[in-house]
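A.B. asks: Per Swiss-Prot, the feature active site maps to C67, E116; the stated evidence is sequence analysis. Per Swiss-Prot, Mn(2+) binding site is recorded for H25, H32, H69, E114, E116. What Swiss-Prot records for E87 is Mg(2+) binding site, and it gives sequence analysis as the kind of evidence. Per Swiss-Prot, the feature domain 'Nudix hydrolase' maps to 30-164.
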Amino acid sequence: MQTEHVILLNAQGVPTGTLEKYAAHTADTLLHLAFSSWLFNAKGQLLVTRRALSKKAWPGVWTNSVCGHPQLGESNAEAVIRRCRYELGVEITPPESIYPGFRYRATDPNGIVENEVCPVFAALTTSALQINDDEVMDYQWCDLAAVLRGIDATPWAFSPWMVMQATNREARKRLSAFTQLK
């Protein structure tokens, strides 16, 4: 895969430039555009993934299905589809927006900061997974209600963005409704 960049944003969310993805994520990460996606199978189960140990931020942490950064000239939906193919080897239905205004800043135990405007999407998988081990070290198909109970009981066991997304009342409602689309 070619070198990815992040789209830098000002405080109002207006693009101001780009920076190579690896260089962008430091102890003083600039605000940039990202996306987060929750994938469900035909049984209505949520795909929860464990980030590869080689990841710069939050290695080995359980999180929602797939996250990434749109590239210059790429729509969020195109970025979600691209990362699903790259990380999970899976085809999906058109991504649906479930939390368009999500923005967060969090610091991992190694001091790496995520500072993102990060719209959240959900989609159904339409093919079998072919996991890229460079991105994902483990995965499980889970009942959404069980995952949400786990997040409520042990938020430290999941990525901070997953916890923040799942504890937003409207996003939780939309995710729950999404499980009924099967």
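Glycine too: its Cβ is placed from the backbone N, Cα and C atoms.
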A.B. asks: Give me the Cα-Cα distance between H25 (Mn(2+) binding site) and E116 (active site), rounded to a whole Å.
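C.D. replies: So the Cα of E116 (active site) lies 11 Å away from that of H25 (Mn(2+) binding site).
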A.B. asks: Checking the contact step here: among the recorded positions C67, E87, E116, which have a Cα within 10 Å of the Cα of H32 (Mn(2+) binding site)?
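C.D. replies: Of C67, E87, E116, within range: E116.
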A.B. asks: Other residues near the Mn(2+) site, CB within 8 A of the CB centroid of H25, H32, H69, E114, E116?
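C.D. replies: Along the chain, the qualifying residues are V6, K21, A24, T29, L33, A34, N115, C118.
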A.B. asks: Of all the recorded positions given, namely E87, E114, E116, which is spatially nearest to C67 (active site) at the Cα level?
C.D. replies: E87
A.B. asks: Where does E87 (Mg(2+) binding site) sit in the DSSP three-state scheme?
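C.D. replies: Its secondary structure by DSSP: helix.
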A.B. asks: For the domain 'Nudix hydrolase' (30-164), how many residues does DSSP put in helix, in strand and in coil?
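C.D. replies: Going by DSSP assignments, the domain 'Nudix hydrolase' (30-164) contains 31 helix, 48 strand, 56 coil.
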A.B. asks: Determine, using Cα-Cα distances only, which of these recorded positions is closest to the residue listed as 'Mg(2+) binding site': H69, E114, E116.
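C.D. replies: Minimum Cα distance from the residue listed as 'Mg(2+) binding site' across H69, E114, E116 lands on H69.
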A.B. asks: Where's the emptiest Cβ shell within 10 Å among the recorded positions E114, E116?
C.D. replies: E114
A.B. asks: Would you mind giving the whole-number mean pLDDT across the domain 'Nudix hydrolase' (30-164)?
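C.D. replies: Here the mean pLDDT over the domain 'Nudix hydrolase' (30-164) amounts to 97.
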A.B. asks: Just to verify a number: CA distance, H69 (Mn(2+) binding site) to E116 (active site), in angstrom, no decimals.
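C.D. replies: Rounded to the nearest whole number, the Cα-Cα distance is 10 Å.
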A.B. asks: Tell me the Cβ neighbour count for the residue listed as 'Mg(2+) binding site', meaning other Cβ atoms within 10 Å of its Cβ, over all protein chains shown.
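C.D. replies: So the Cβ neighbour count for the residue listed as 'Mg(2+) binding site' comes to 22.
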A.B. asks: Helix, strand or coil at H25 (Mn(2+) binding site), per DSSP?
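C.D. replies: Reduced to three states, the DSSP call for H25 (Mn(2+) binding site) is coil.
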